[in-house]
Every structure is written in structure tokens, then in C-alpha cells.
Amino acid sequence: MAATIVALMSFAVFLGFVSADPDMLQDVCVADLTAKANVNGFPCKETFNETDFFFDGLAKPGPTNNTFGFVVNTANVEKFPGLNTLGLSLSRGDYAPYGLNRPHSHPRASELVFVLYGELEVGFITTGNVFFTKTIKAGEMFVIPRGLIHFQKNKGPTPAATIGAFNSQLAGTQSIATALFAAKPTVPDDVLAKAFQIDTQQVEMIKAKLAPKN
Ligand SMILES: *[C@@H]1O[C@H](CO)[C@@H](O)[C@H](O)[C@H]1NC(C)=O
Ligand SMILES: *[C@@H]1O[C@H](CO)[C@@H](O)[C@H](O)[C@H]1NC(C)=O
């Protein structure tokens with residue numbers, strides 16, 4: 001009995017290592033983004049063609065003239081239906097000089113960060129609270145294990161760009177600052193004040209700065 005449980009647990013751990021999104025059960029399953037059925041992934045379209053397997057949304061840099069000097073564009077299943085069930089996606093990050101991709105996590109994927117141009121400081125923090133960081137430049141890459149908080153910062157006075165590769169068709173992104181200070185409905189001030197050991201006026205100041213501008 002105990003041996004069976006151990007064997008089952010080992011198998012579960014093994015599965016965890018070899019797969020991110022579930023395996024495909026057919027050659028292709030082009031996402032029908034309009035389907036009403038709620039499944040893990042999207043139902044397959046009945047008719048599709050080569051345009052469903054093509055995406056050029058990452059070809060050009062995005063605009064980085066914002067507070068953080070950073071913009072991300074994603075090639076995930078929501079924009080690129082041919083990715084449905086394939087367990088992978090990409091994103092492109094563009095950085096103004098000294099721009100920052102703020103601390104965030106991807107709940108459903110590990111990420112390989114590949115530098116197209118520029119030089120970036122990258123780093124992640126483990127659940128044991130250890131910070132791993134490195135400066136990487138064009139052609140180099142750094143891997144961020146699934147779910148861990150990480151960031152990328154342009155170290156230089158010129159623009160930078162990265163490609164992020166994910167082992168999920170829809171990795172999900174939770175930005176730490178906006179999750180805590182710009183959620184709707186709002187996280188109570190006293191919770192944030194106590195968590196960050198600041199006063200509620202400071203919480204309100206941060207909330208005002210991070211509130212969506214529209
Ligand atoms: C492919 O399908 C799309 C609709 O999903 C259609 O707009 C497009 O014209 C089709 N392309 C070809 C080459 O058949
Ligand atoms: C960023 O630049 C673009 C193009 O120059 C402009 O249309 C847009 O309004 C600017 N956005 C901000 C937030 O300044």
C-alpha cells in the first residue's frame with residue numbers, strides 16, 4: 001500500500017517535470033476563441049487555414065514612452081489561435097533606456113528570457129527567499145522557473161529588447177505591485193500597511209500612483 005502511494009507520487013512528480021500544459025490528443029486544435037464552452041484551453045475550430053498558424057505581432061518594437069519605460073507584447077493563444085493545446089508561447093519586451101519590467105510572476109509557465117539587443121539585469125527570487133541575478137546581453141539567456149517572482153531592467157542608455165519563451169499557451173502574468181495596490185475591488189489599506197510596515201497614507205499614495213490611467 002505504502003509502496004503504491006510512493007510509486008503514484010513519484011509518477012505525479014515525473015509528470016510535473018515533463019509537461020506544462022497538457023499533451024495534445026490530435027495534430028492541431030486551432031482555438032475557437034468565440035466558443036461558449038468552458039474548457040481547459042479552447043475548443044477546436046472546425047475550419048482553419050495557414051493564417052491560424054501565423055503571427056507577426058512581435059515583429060516590431062512596441063512603444064516604451066510610459067512611466068516604467070517598458071512594454072510587452074504577447075504571442076499567446078488569445079492572439080494566436082494555432083497555439084491552442086501546443087503548450088508554448090512567446091512574448092516580446094521592449095525597454096526604453098533604464099526601463100523596467102516590474103517584478104511579476106507567471107503562474108502557468110517557466111520562462112526563457114533571450115536578449116535581442118541591449119544589456120539587462122535579470123533576476124528571480126525563490127520561495128526560500130534567495131535572489132538569483134545576472135546581467136545578460138544580446139544573444140544570451142536566463143531561465144525563470146515557473147511561478148517565481150522576477151524582473152528585467154535595462155542597464156544602459158540605449159533601448160533593449162527581449163524575447164520570452166513560455167512552456168504554456170497562456171502563461172498568465174501577475175504583476176506584484178499592481179496586484180496588491182491596483183486590484184479591483186481594492187485590497188484593504190490596513191492589510192497593505194501592516195504587510196509592508198508603512199502607514200495607510202503611504203498605501204493610499206502608492207494606490208493613487210498605480211491606479212489605471214483611463
Ligand atoms: C483563412 O481563414 C480566414 C478566416 O478565419 C479568412 O479570412 C482567410 O481569407 C482564409 N485564408 C485563406 C488563404 O483561405
Ligand atoms: C507615446 O508615443 C506615441 C507615438 O509617438 C504617442 O502616440 C503616444 O501618445 C505616447 N504615449 C504617451 C503615454 O506619452
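Glycine residues also receive a Cβ, built from the backbone N, Cα and C atoms like all the rest.
Bear in mind that the values here come from a model prediction, so they are computed numbers and not experimental data.
Pulled from TrEMBL, these are the features on record:
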- N101, H106, E111: oxalate binding site (BINDING)
- H104, H106, E111, H150: Mn(2+) binding site (BINDING)
- C29-C44: disulfide bond (DISULFID)
- 56-204: domain 'Cupin type-1' (DOMAIN)
- 1-20: signal peptide (SIGNAL)
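By the criterion of other Cβ atoms within 10 Å of the residue's own Cβ, the least surrounded of the binding-site residues H104, H106, H150 is H104. Ranking the disulfide-bonded residues C29, C44 by how many other Cβ atoms lie within 10 angstroms of each Cβ puts C44 at the bottom. Each residue in S105, F124, I144, L148, I149, G164, A171, T173 lies on the same chain as H104, H106, E111, H150 and has a C-beta within 8 Å of the C-beta centroid of that Mn(2+) site, without being one of the site residues.
Put simply, of the recorded positions C29, C44, H150, the one whose Cα is nearest the Cα of N101 (oxalate binding site) is H150. Here the candidates are the recorded positions C29, C44, E111. The one whose C-alpha lies nearest to that of H104 (Mn(2+) binding site) is E111. Each residue contributes its Cα atom, and for E111 (oxalate binding site) and H150 (Mn(2+) binding site) these two points are 10 Å apart.
Only H106, of the recorded positions C29, C44, H106, have a C-alpha within 10 angstroms of the C-alpha of H150 (Mn(2+) binding site).
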